[in-house]
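Below is one structure, written out as structure tokens; comments come after it.
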């Protein structure tokens, strides 16, 4: 198949690298130029491979710098590829390593990077959306509760807001009441003024000022706790004395007024008449003795207040002072304030929903940044697997040149050429290979064939990769479930909060008195009339699920399919490494082929020993197979019912030597039951290696059967 693929390019290769090109300078220059162009192409591919994984564009802020680095890298790669033979081999081996174990590891790292940037990153995005929904719902709930609380608490808040104005009005009302009490206090306690001074024009301002000072004094005294109250008897006696003095003062005031009237009349009369006649006519005005007469009786008897003032006036007045003290105590310095108990707890409870949500969001963003940094570092570490491909390629190149046994099990055209030449010379040849040798060597004409070791490795790698598929599938499934859950929540959780109504509170206080006025002043702030008509929705709080594009899933599936193909056919692709090295070092390849040919010849001289050794290694596997394989157990336990399953691969026995599947030519030992294929039985000279019994195939065994039996006994 390889020759079929390379056949179209064979004329070009012969033209450039044929024997006739060795002496042509023109062809050699053309060969150099073609090699340089191929180096440029490979350099471009290497750059893309490196830039894809290490994101080198991020290292260069300026786009022109990135372009210069790219050009320099490609030119240097093309030049070295043209000049250095080892570099050519290593660069080509790097691209072959992409399809080998290192390449698979690299592609697995890329696939895991897809998982990180796809489902895992999407889980983080959706987690952020859940955080946003939580914050939004918290704010919405807070606002709804706050609206309802404000509506309920508005009378109290209005009262607190207008309390200062109400306090001033109440204080003014208290002052008006105190002004009424000042006159009464003056009449009871401070009316004992001298008779000749009471009522003069000069004393009237003193009286008014005394009233104001008394008012301030009473307020101050009340504010300071007040003075000691008088006894009822003292009040009774003082008020009666004041009433008596006031009565006498009124009588004296009448006497003075009478004298003033006579005096003024006489003056006017003498003014209007001549002096000779005035005395005769105006003499009646000189008779002011009338003013001296006690027309109403004895003043002490008339001004006696005992019959007028009640006997319990003192007690009533003292009770009035007590009531005033209780009513106006600290009324002049009213201060409305409140105190929060357990202030720290109150502050924590009064924290708004916006601050809580912002703190939650900041904490989530901080954790998200840490997660992204960790995932970024992990992704860069995975990208370092590309360096492993370079290391593996160089290692293969070194071992190919230094270790003649390394990767040397191919039956090539030159191998067949040597074997045919030996046949023509009638010397022992190798081809065709024996049955037990076919599983150890690969014929390059059958490019898809594998050795037994390669088949085992492929199965193990497929099982290992299956675990990675399960892990990736779990991440994808979890992401899909989260997205579906968020979409269901968005579809079925939309709520519209509609509030329509009227909230009215009215306090009606009847009465015209001072207390009714005070109550109306205090309680009018509790009156409220609010019409509520609000419509709120949680639409903004519904989650917006972040869905991965289908393109990502297609790319991931395609990548996994490529990895599976590479695992299954990795051995086929890796054989290109030998082809590349043999192309550049064909003499070394001839040495390796001749070494392989001679090694097979040497092994055939000891073939019997190798056959028995392989059979002993396979014996344990055969016994386990007999116990574990249910189909084999059914086939041999119930041959009548399940004999038909012998036609299927899973119910067939394998040869003890070459592990080939059972066919019609198989020979089974009659003593121990070990199976052998026809070729391996012939190589063993028809003698069972386990028990030494001759294998019956319709013909007698050769003389070498005794040799096999003796070898078994010695072992």
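Glycine is treated like the rest: Cβ placed from N, Cα and C.
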Fill in the blank from the handout: Students should find that the transmembrane segment stretch in Swiss-Prot, chosen from 332-352, 353-373, 374-394, 395-415, is 374-394
Handout entry: Correct range for transmembrane segment (source Swiss-Prot, candidates 67-87, 88-108)
Key = 67-87
Practice task
Report, based on Swiss-Prot, whether residue 109 and residue 628 occupy the same side of the membrane.
Solution key: yes
Problem - The annotated transmembrane segment range in Swiss-Prot, which must be one of 110-130, 131-151 - result: 110-130
Exercise for the section: Have a look at 437-457, 458-478, 479-499 and point to the one annotated transmembrane segment in Swiss-Prot. Expected result: 458-478
Exercise for the section: Run the contact check on the transmembrane segment (458-478) against the transmembrane segment (67-87): 3 or more C-beta pairs under 8 Å, excluding pairs closer than 6 in sequence. Expected result: no
Practice task
For the topological domain 'Cytoplasmic' (1-32), provide the mean pLDDT of the predicted model.
Solution key: 64
Problem - Contacting positions for the transmembrane segment (374-394) when only residues 6+ beyond its ends and CB under 8 Å are counted - result: 49-50, 53-54, 90, 93-94, 96-98, 100-103, 105-106, 109-110, 112-113, 116-117, 120-121
Practice task
Give residue numbers and ranges for long-range contacts of the topological domain 'Cytoplasmic' (88-109): same chain, 6 or more residues beyond its ends, CB-CB under 8 A.
Solution key: 35, 39, 42, 45-46, 53, 77, 81, 382-383, 385-386, 388-390, 392-394, 396-397, 461, 465, 468, 559, 562-563, 566-567, 570, 573-574, 576-577, 580-581, 584-585
Completion exercise
Within the same chain, the residues 6 or more beyond the ends of the transmembrane segment (554-574) and with Cβ under 8 Å of it are 96, 99-101, 103-104, 107-108, 110-111, 114-115, 118, 447-448, 450, 454, 457-458, 461-462, 465, 469, 472
Fill in the blank from the handout: Helix, strand and coil residue totals from DSSP for the topological domain 'Extracellular' (479-553) stand at 34 helix, 20 strand, 21 coil
Practice task
Mind tallying the zinc finger (655-691) by DSSP state, helix then strand then coil?
Solution key: 6 helix, 6 strand, 25 coil
